[in-house]
């Protein structure tokens, strides 16, 4: 969505250095911005329709499998039927035990990460600048961040700060959110981590400092804001007013973006997590950044060097990735 106010007007709504929010009211959207918003709403409606269709298809598949199972049992002798039933029970028990073991291992990894993992903070103080659909989008991104972190062999120590307001309300409604092994703070990170201020680093594409390595002593902050085009420079301005360091991912050193280098919260989080595992920025970028955001030459290189592996963050795949949320609690 195109910016509808200049940066100066946008920054009037920026949270203050002490973590509080300004009372300034958003200006009405321009006609072009309204068209963009309408397009987004239509996309969300289509997405919801596809989700409903997939749900119905899943129900039909379950019903078909149930009938097939009943027909199979009816077509064999009693003795064979008992063996089939016992075999199925045994397989189900094995699956449940495996899931339980995986869940315990995940809890162990995340608990350890809270003690010595790389600190990654998602700043949620911008909910007053977003529309309901944008807030919903951010909630989904955070769900995915937690799920991806839980699957990592070397997970990070995730923080959600500024949980007060609509974002906090939406997240609290998520099933199992109270069981997430993650830091949850209603207060601003600047207030919670005042004694760690010298180690805070806000990740923003507007910074002149390029991030070379992840320092385990640093606490990297990701701005929880959807549609940054409407609020250009807002995270950089916030960091400067708070007197904390800033840095940007070294994207330009490894690939050319087709448009802006601004990525979603879950993309930035996943890139950081990938780097923690691989210590390779290029591999992390090519595995996470959607092909649609890259120039053609980088797409071709991705095909050659990553053996045609599909990128993990296209719009059409996002719903599929949400299935991993079933395993986050």
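Each position is counted from 1, following the chain as shown.
Any Cβ shown, glycine's included, is placed from N, Cα and C.
Curation does not apply to TrEMBL; its annotations are automatic.
What TrEMBL says about this protein:
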type: REGION; residues: 1-69; note: region 'Disordered'
type: COMPBIAS; residues: 18-29; note: compositional bias 'Polar residues'
type: COMPBIAS; residues: 38-69; note: compositional bias 'Basic and acidic residues'
type: DOMAIN; residues: 106-296; note: domain 'SAM-dependent MTase TRM10-type'
type: REGION; residues: 296-329; note: region 'Disordered'
type: COMPBIAS; residues: 296-306; note: compositional bias 'Basic and acidic residues'
type: COMPBIAS; residues: 307-317; note: compositional bias 'Acidic residues'
type: COMPBIAS; residues: 318-329; note: compositional bias 'Basic and acidic residues'
In the predicted model, what is the mean pLDDT computed over the domain 'SAM-dependent MTase TRM10-type' (106-296)? 91
Give the residue counts of the compositional bias 'Basic and acidic residues' (38-69) per reduced DSSP state, in the order helix, strand, coil. 32 helix, 0 strand, 0 coil
